[in-house]
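**Student:** Got a structure here, written out as structure tokens. Questions coming.
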Amino acid sequence: MSMATTARVAAGVVLALAALALQARGEDPYLFFEWKVTYGTKTLLGAPQKVILINGEFPGPRINCSSNNNIVINVFNQLDQPLLFTWNGMQHRKNSWMDGLPGTQCPIAPNTNFTYKWQPKDQIGSFFYFPSVGMQRAVGGYGAITVVSRLLIPVPFDQPPPESDHVVLAGDWYTKDHEVLARHLDAGRSIGRPDGVLINGRGGSKDQLAAAPPMFTFEAGKTYRFRVCNTGIKASLNFRIQGHDMKLVEMDGSHTVQDMYDSLDVHVGHCFSVLVDADQKPGDYYLVASTRFIHDARSASAVIRYAGSSAPPSPDVPEPPAGWAWSLNQWRSFRWNLTASAARPNPQGSYHYGQINITRTIKLMVSRGYVDGKLRYGFNGVSHRDADTPLKLAEYFNATDGVFSYNQMGDAPPAVNGPLHVVPNVITAEFRTFIEIVFENPEKSMDSFHLDGYAFFAVGMGPGKWSPELRKTYNLLDAVSRHTIQVYPRSWSAIMLTFDNAGMWNIRSNLWDRHYLGEQLYMSVMSPARSLRDEYNMPDNALRCGKVVGLPLPPSYAPAR
């Protein structure tokens, strides 16, 4: 046995013994992962291209865990660029240190490693991870996160449980390298429309599908769960399964009212779960994802095969719906399952968000303009740029001078449009206040927004500009609690939430070219108690960079009481 192998075996033994010791102290179970992140070549959309692999896989390995498990991932960066991973939809309670964005964490340098440790605390559902530095997300490195309920928590569709639990990671795809895409954006050019769509890392024509093995297999009479996520960077998708209806059961970590659909729109960064009955004549059927709301639509298909069948799929595949009015009406049909338990024993509906007084309204209007002749995006006239020192580290070490200033963006768009102000965009929220955020999209194209660290109630949505009178249209009873919300062209969407998770949290466009060009900000939520009850100290293994290198550690937060 080589020295390297011996060292790895020894490390594994140490980790296993540590996990046993921790569980003996009553901690939640630990799951350990080791990821080697490399470049590789895959033939996608008919051409070989460079992709980001994790342990040689594209998409990356699925993280399958239970609520409150401790997830420990040792990431070895074998790329030629700095690397971070963010965990889309994971709330990281008290722990924005592990959120994996340039505003919260120093990047993992090439040929080094870093260990993430986080919990899906009081969470269940379907999520995904991806690399967050630059445009790396455009060339892979993403994978599924599936969080199941603890054994004592009833699941509203688990009697009997589905035969299989499948993941569908679907998203648009560009054949250009991520560095080429970044250079286009840096030069003030558009990245254009996507070249195609991938499903679980596969694209191709129906002729190619006919020669490939099926992606999924059904047994007649059984029920299957599909967890569908839009992992792309630009386009909304419509998802459907030829000849089969779908029962929606979960969305972005919440159980939903179980309505039936023949197709579902899934927007960038968004995930849902459906149950599908294998109740059709045995044969092959297409599972299809098609782009929405863009010219020159693209699609991808995968084959579902009934066991023992040799009948090819019918060439007649239903077309996706046209226009976004249909999509808006579908969104209005989604409802929170008030009687179902989620990660805790109490029903989801025991939280009466509609009865809480709003303490503050933040209206975020998408801004677009040119700075030095180059296109930028932002909110309310401010276009975000990352600082050399992560914002969270600068805040923790009280070293914000020269790094960023708070609240350079107002709670409402400026009355007169002026030039975009390019700075690190950080605003503050008072701890445990209930805030309304309205996203307004004046563009002719779709947008999709995500809030790290939280789930929010998506209470309202409509065309045109938002005004306070539109609050009477809000759903204040059973809006789905989620982490991503779409905003249709020249339209608005409203969310509500309590900012009770201390940390530094990213609010961003999921359209990654816009994110790259500044359509994001950070929300600093600080507990006045400075207590470990509300937020963890900086982890011992936290990387340091920029202004905080060599600084003494600040005093610890006060013990929890």
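Every residue, even glycine, has its Cβ placed from backbone N, Cα and C.
Taken from TrEMBL, the feature signal peptide covers 1-26. As annotated by TrEMBL, domain 'Plastocyanin-like' applies to 37-149, 165-308, 388-528.
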**Student:** Could you pull the average pLDDT for the domain 'Plastocyanin-like' (37-149)?
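**Tutor:** When the pLDDT values over the domain 'Plastocyanin-like' (37-149) are averaged, the result is 97.
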**Student:** By DSSP assignment, list the helix, strand and coil residue numbers for the domain 'Plastocyanin-like' (165-308), in that order.
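**Tutor:** The counts are 15 helix, 70 strand, 59 coil.
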**Student:** Could you break down the residues of the domain 'Plastocyanin-like' (388-528) into DSSP helix, strand and coil, giving a count for each?
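**Tutor:** Tallying H, G and I as helix, E and B as strand, the rest coil: 17 helix, 58 strand, 66 coil.
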